[in-house]
Amino acid sequence: MAAVGRYSGKVVVVTGGSRGIGAAIVRAFVDSGAQVVFCDKDEAGGRAVEQELLGTVFIPGDVTQEGDLQTLISETVSRFGHLDCVVNNAGYHPPAQLPEETSAQGFRQLLEENLLGAYTLIKLALPHLRKSKGNIINISSLVGAIGQSQALTYVATKGAVTAMTKALALDESRYGVRVNCISPGNIWTPLWQELAAATSDPRATILEGTLAQPLGRMGQPAEVGAAAVFLASEATFCTGLELFMTGGAELGYGRKASSSTLVEVPILPP
């Protein structure tokens, strides 16, 4: 848990803050002394977090709607007078799909939620972040860097989030605004549970997800929250950084072909 006072007096906006990683980020910043304004489409979940955590303000909102994001920023600045950090967390991972099962319409919708919502919020927040020399934290994904089977559209959106982070870090450095991203691997969240439940063997899916990390466990949302507070408060010489929160899942060299892959095995000479 983040230490009290590490981000005291600061104002933070978080998207998708009603559950999972988003709720953990909200909690971590509150524990660090910040005032947190967060949005989510889930109004009941957002109100529950707001009631639980003193120092939070919930504003119902959909990141695919620019008007909702304008309200989020204007209400934050009107209430607190400044803005120090934006965390673009809202996003979605569709169930497993083969490439031929995806659609352009579904891809556009996912781009709106996972990429364009973050872009829009950043544009709206930048005038205020430049004044405070604040920072932006985008939640990307490990698979944006290494790929993932049956997740073509999701991987594309998250790879774009990481690329946008690096480009923006260059542009905003002249204003003293830092821009970083966190790329989680397997974090045990409600979304992970839902995706596992949709598979033919949820227990096997969960075990496979657990064994993907050399550390032998999935990460916890609170660990991502702690990383976000670190990037905002103490990582003052970091910009354009992609911080892997993965338990080492990307490390090592091993089997990649699936059981259905046509394999050509070398033959030893006699």
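Placed from the backbone N, Cα and C atoms, the Cβ positions cover glycine too.
Feature list (source: Swiss-Prot):
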BINDING   Arg19, Ile21, Asp40, Lys41, Asp62, Val63, Asn89, Tyr154, Lys158, Ile187, Thr189, Leu191  NAD(+) binding site
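Features recorded in Swiss-Prot, as mapped to the structure shown.
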{"residue": "Arg19", "record": "NAD(+) binding site", "DSSP class": "coil"}
{"residue": "Asp40", "record": "NAD(+) binding site", "DSSP class": "strand"}
{"residue": "Asp62", "record": "NAD(+) binding site", "DSSP class": "coil"}
{"residue": "Asn89", "record": "NAD(+) binding site", "DSSP class": "coil"}
{"residue": "Lys158", "record": "NAD(+) binding site", "DSSP class": "helix"}
{"residue": "Thr189", "record": "NAD(+) binding site", "DSSP class": "coil"}
In the chain carrying Asn89 (NAD(+) binding site), residues 6 or more apart in sequence that have Cβ under 8 angstroms from it: Val14, Thr15, Gly16, Gly17, Ile21, Gly22, Ile25, Ile139
Chain-internal residues near Arg19 (NAD(+) binding site), provided their CB is under 8 angstroms and they sit 6+ positions away: Asp40, Asp42, Gly45, Val49, Thr189, Pro190
Binding-site residues: Asp62, Lys158 - member with fewest neighbouring CB atoms within 10 Å: Asp62
Among Asp40, Thr189, the most crowded of the binding-site residues [Cβ within 10 Å]: Asp40
Residues Arg19, Ile21, Asp40, Lys41, Asp62, Val63, Asn89, Tyr154, Lys158, Ile187, Thr189, Leu191 binding NAD(+) per the record - widest CA separation, whole Å: 23
